[in-house]
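J.: Below, the features straight out of TrEMBL:
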- 20-48: transmembrane segment (TRANSMEM)
- 161-198: region 'Disordered' (REGION)
- 186-198: compositional bias 'Gly residues' (COMPBIAS)
- 330-351: transmembrane segment (TRANSMEM)
- 429-446: transmembrane segment (TRANSMEM)
- 467-488: transmembrane segment (TRANSMEM)
- 508-525: transmembrane segment (TRANSMEM)
Amino acid sequence: MEYSSKNARVFPRIRQAVMVALSLVFLCAVHGACAAYIIALAGGSYLLSRRLAGRPYGLLGVWVYGCATLLLARLSEGLPFAWISPRLAPLDHHRGLLRWHIHYNLMVLRFISFASDLHWSRGGKRTKRNSGDSSGPFAAAGTRAGIEGATGAELGALCSPEEKQQRRLSGKATEGPYEPHLASRSGGGGGGGGAAAGDRGGSSFVDYELRALTNTPLPLPYYSLLPFLEYVLYPPLYIAGPIITFNSFAAQRMLRRQSLLGPRQVLAYALRVALAWGCLEGLTHALPYNSIAKHRVLDRLAAAARAATSQSGLGSNSVGRLPAWAPRPLHYAITGYWVLIFMWLKFTVLWRFFRLVSLSDGVVPPENMTRCVCNNYDIEGFWRSWHASYNRWLVRYMYVPMGGSRWRAANVWVIFTFVALWHDLEWRLLGWAWLMAAAIAPEMVAKAFGRSAAVRRWYGTATFRHVCALAAAANILMLMAANLVGFVVGLDGIVPLAQQVLLKQPGFLAVVFLALFAAVQLMFWKREWEASAAGAAVEMGAGGGGGGRGGDG
């Protein structure tokens, strides 16, 4: 990357000014008079970031500013103008198409990304990648040929310690966490191949390029007002994301002469978005489970069944005495499952539509929903493949600065609590977050035990595979319970549901566990196939067979 190129600076500055002007028009259309709040808060964040960059605890001030303003916006329901002055009350009738405080949480992430990247660039952290030395590692890794021709070990050598921690948590580590089902019978086979294959080997070039752009500090003049405003107000990603870091966004807008993806790949991506949208339309027209969960139909039916049984004098101690129309645990499980499918498909369409618009403009943000919701058996994998771009943001700006893996057991509680409060101020989301954090602790212990020397002699055996499948099935049950709390029955409904499943129909849980055990075997097989495909791709690349741009998974 030639940061000093005149052509890389002059034209983007003109385009930036035009884009910022269009973004302000867009902002006024979607938020009306409340666009003034966004501009004022963005200006305050920019001034604070510039003022505190490079200073000890400077980032703490930006974090306090972002969290405090987000809390104020949420608690005040968008800060009505009448609260400021009665003379401004008429402006409350012109608040635009969308509520600004609902989308402000994404703005806060962009504020923190800009401030952190500037802080680390000014402080000289994150290696010397901004020196422009053509002999440095990213002189090769920053190019398509350098990345496609690099082996896993070479890519690992290019990573800073912080980036290696990020790659480990996001499933891209060159020496990643061991995945038991990928072990060979000889006891070799670390998790590197499997982890790398976990997010589709075809997207490796785009993924490595995005990580290189994210972790490469820009020259300080690029952290100025126009790039900041273009970044935080960029229309294609403003409403819902995906989340992209400032370094990656600014580098793509100001330094690159071509997009990471060609027109054919963008067109193929558009067809995939259309297919996902068609599936969503078919699901919402054919299956009413989301409406059933939203209106608490099962709870109402259960209450009516108990009332009918009580009036008949039969009592309610036996499930067999309930009316035939009374909901059973199976109905709760099916409803929760299809609500999760609906949510996954809805967010897939939403995020990929806005990502498609961004791709059409030449900006490649990270992909969300990198794996089907039915193909997850651990909490880490579920989280990093669901809101993948947000996961990367959390790793870069929270997990690593808070100590990374050294304080991992404590960090997950802080991070999941932040995630819940960032989404919305609701107890059910806090309950979901704490269930996730509580479930991830034994998962981390089990994974650490699985990597120990005492267990390695069992690698590749059927016994080890089935034990892993049993643990994975139990993990899926925990994931189902957490998502039922967050999106179906709530905190107050999980106890009655558990009583139904554990006390009144214990055989149902055994059948579900057996089905999940069988499903996990298929998930293991799919990951083995992905690992084999990734290994074949590496061999082809080493032999000179890799050419052109990789797919975008």
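Each residue, glycine too, has its Cβ placed from N, Cα and C.
Give me the lay of the land around each of these features.
T.: Distant neighbours of the transmembrane segment (20-48): 61-62, 65-66, 69, 73, 78-79, 81, 91-92, 94-98, 100, 104, 107, 111, 114-115, 225-226, 228-230, 232-235, 238-239; these residues of the same chain sit at least 6 beyond its ends, with a Cβ under 8 Å from one of its Cβ atoms.
Proximity of distant same-chain residues to the transmembrane segment (330-351), defined by a Cβ-Cβ separation under 8 Å and at least 6 residues beyond the stretch ends, is recorded for 240-242, 273, 276-277, 279-280, 283-284, 287, 289-290, 292-293, 298, 368-369, 372-374, 386-387, 480, 483-484, 487-489, 497, 500, 508, 512.
Within its own chain, the transmembrane segment (467-488) is flanked in space by residues 180-181, 293, 332-333, 335-337, 339-340, 343, 376-379, 382, 428-429, 431-432, 435-436, 439, 443, 446, 450, 494, 497, 512-513, 516-517, 519-521, 523-524, which lie at least six positions past its ends and keep a Cβ under 8 Å from the stretch.
Long-range contacts of the transmembrane segment (508-525) within its own chain (CB-CB distance under 8 A, at least 6 residues past either end) are made by residues 181, 328-330, 333, 374-377, 465, 468-470, 472-474, 476-477, 501-502.
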